[in-house]
Structures are given as C-alpha cells and as structure tokens.
Ligand SMILES: Cc1cc2nc3c(=O)[nH]c(=O)nc-3n(C[C@H](O)[C@H](O)[C@H](O)COP(=O)(O)O)c2cc1C
C-alpha cells in the first residue's frame, strides 16, 4: 500500500525549526509588558516566510533536566502558534508514559482541527520526569515501549472510529451526524480499556503525522511499525547509514512503503562567513567548556551509573566501565552512541566535547560547506527531514535563510514553496489506510 502522496514528485528535503517556548520565558518574567509567546510568534512568522515545513517542540517533564527550565507545555504552545500561522506544520513532542490515549487522541485531534490539518505528534516514552508522576520508578524501556505500542493502537482506532459518511451535509447546508457510522472501539488491553468512539469529528488529516523519537532496539521497532517520521540523533554518516538500514529493513517486514519512515535528523550547525570564522567559533566554544562538570555529562550519556570523578581527562575510558545495555533504563539509544565512542578509544576530554552536542549531528563551516554535508546525507538516502535552528537570532537567521536554505534550494534539494495545505501533503505523506479491524461493534 503506497503511503506516499508524492511518489511521482522528486524527493526533496523537508525542514523544521524550534518553536521556542524554553529559557527565554525566564527573561520575560522581568518584563510584564511582553508575553511568553512574543519571541515564538516572531520565529513562527520568520519560519513560515522562509517556507520552513514545521515548528518543533521538545517535551521535558522535570525541572532539573538540561534545557528543561522554562519549558512550556508543547500542545498548548503550538496551538497558540497555530493562530498566528496558516501553512507551517506544528510538531508537539508528548510522552506516552505519562499520558492516557483517550486524552492524547482528543488533544492531537483538536490541534489538527484548530490548525486546519497541520498537527504532528512526536511520540516519546520519556527518560526523565517520573518523580512528577509517582508513586513509583520510571518503568523499564520494555514496559514503556509496550505501553507506547498499545497507546498507538488505541489512538489510531479512535481516529478511525468515525466512518466515511458519518457526517454529511443536510439540505439546509448544516452537518448531519449518522450515529450508526460512529463506532465504539471496545479496546481491552494490558494497559488500557477504552470503549470509544472518539467524541470529536474526523480530523482534517484524519490522523496527525506520526513521528517518534527514541532509537534503542525497542524504539527502533516501534518506529518501524508505526512512525511516518523518526526523529533521530545520528552524529556521523555511518550512524545514519546503519540506523536507516536497520529501521527501513524492519519497516519493510511490516509491509511499510519503501522510504518509510522518513529520517528526521537534528542538526547542530555552526555558521561562518568563512571557514576560519566557523572554526574560531568552535574553538571559542570548546575553550569555554567546564571539563569538571563535563565528567557528569559523560556519565549521563553513558546511562548515569558511572563515577568519572577520578579519571584523568586525557586518559581513555576503560571499556570495562561500560554498562550492559539491558541494564540501562534511560535513553539506551544514546548510550549506544557514546559506548561506541569509548570503544573507538576516545579520551574523557574528547567525550566531554562530544557530550556538548548530546549525540546529535554537529557541523561547522560556511553555508556552502554545510550544504555539502547536508547534500551528502540527502543523496545517501539517510536524511529526509532536518532541523534548522536559530531563527530568533538575527545573525543565525541570516545564515540559515539567506545562506544554507538558499543554497539547498539552488541545488534543488529543498522545495521553493509549500506543495500542499496540510502538513501531511507538505511532507509528501498520504493519508494512512483506515484499520476498520480495530473498530469493534
Ligand atoms: C532525537 C531525540 C529527541 C528526543 N526528544 C525527547 C524529548 O523532547 N522529550 C523526552 O522526554 N524524550 C525525548 N527523547 C527520548 C525519548 O523519550 C525516548 O523514548 C526514551 O528516551 C527512550 O529512548 P531509547 O529508545 O533510546 O531508550 C528523544 C530521543 C531522541 C533520539
């Protein structure tokens, strides 16, 4: 079954930028005349003017986590941005571990309605925040992913619970509900009992675009089965080739269309008008690293159970310190990446430097050089969607829009304009097939 709308259109790279709603919220606390949305509205309008495909929000459910302080609730935040934009997609990262599928179906359903078909859900299972959802520990990855899979079965069945023709237009032009075409799902599973049907009308996209982040064994299996787009941290081309080969192979075994799921990579770019300028910025950032604090960051990247306080910075990390991956309860995908670095013989100092990008793809150079790096992955088929950060900062905005994006459009890698009205159309994704077997009378 072909899940791509644009099988005949040339493949183009899709673009995403951060919606904001994080730390700058703090600054506004001292300026009551401005709202938390101000910067985000400006960024959203700049992004739409640049024809960027979507705005992205992360989901951080704990005060202490890196970057979490001031982090607004994603769905409320992008819903507000839906009213100051008309074409750009709206991606909300939301956890299945700390939410109920009936609420999730309604929350994303309403986002798709109020945005007229621009909603996307980046599903995560969370690796932090359990202290706020007690009693109890963070469930194991196996438990979290089993709950995530059942959640997807339930929300998809709820979004399919209104059959075609359930809503028609009466002789006076008003909507007519045909109750017999709205069916309960009567789901009974390990985690949830949900009768349904959903009590909001069919979504403009019928289902929001389904994304997922989490690249452990279990995460990859979930993404291969259900995701249309997987958000990844793939620091090198080899990581991207291995991951893409693995997830596409699994997706094929689930009967998914060729080229699914789309590979969405975070991209940490350092721009310079010259290569020397970019290198200088990287050098300055490295010189400002607190390597003593970095020891804890590396321990966190390796699953958290390590004490690296005594190890000399220029010594290699003994492989004997590496945790057994099945004993790691948080972000096994990222632990895999950093364990790989240890096996490559990197010193603690080099690991601290790598930890600044938390396993994401980082590159520095002129817009042309960065376009070369992007084009290499795009042509290799391991990059379909990319993050372009920094629009709130005028210098970065200029490099992103008038530099990298312009160059990628000159190379016909990124489309010059939106191709549809819904996010699904702009990503070249077809409406997923209804699964009437999930709707039980
Ligand atoms: C690129 C990327 C971005 C992620 N973003 C978030 C996020 O914003 N909020 C969150 O709770 N988890 C996030 N996660 C982690 C997911 O919660 C993931 O399901 C969980 O850590 C388990 O990861 P694992 O499959 O690697 O073990 C992200 C993971 C990746 C790979």
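Backbone N, Cα and C define each Cβ position, glycine as well.
The following features are taken from TrEMBL:
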type    : residues         : note
BINDING : 59, 93, 145, 216 : FMN binding site
DOMAIN  : 33-382           : domain 'Luciferase-like'
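In the three-state DSSP classification, residue 145 (FMN binding site) falls within a helix.
Annotation for residue 145 (FMN binding site): spatial neighbours 125, 214, 218, 219, 221, 222, criterion Cβ-Cβ under 8 Å with sequence separation of six or more.
On the 0 to 100 pLDDT scale, the domain 'Luciferase-like' (33-382) averages 95 in the predicted structure.
In the structure as shown, the Cβ atom of residue 59 (FMN binding site) sits within 10 Å of 20 other Cβ atoms. Mapped onto three states, the DSSP output places residue 93 (FMN binding site) in strand. All protein chains shown were included, and the count of other CB atoms within 10 Å of the CB of residue 216 (FMN binding site) stands at 20.
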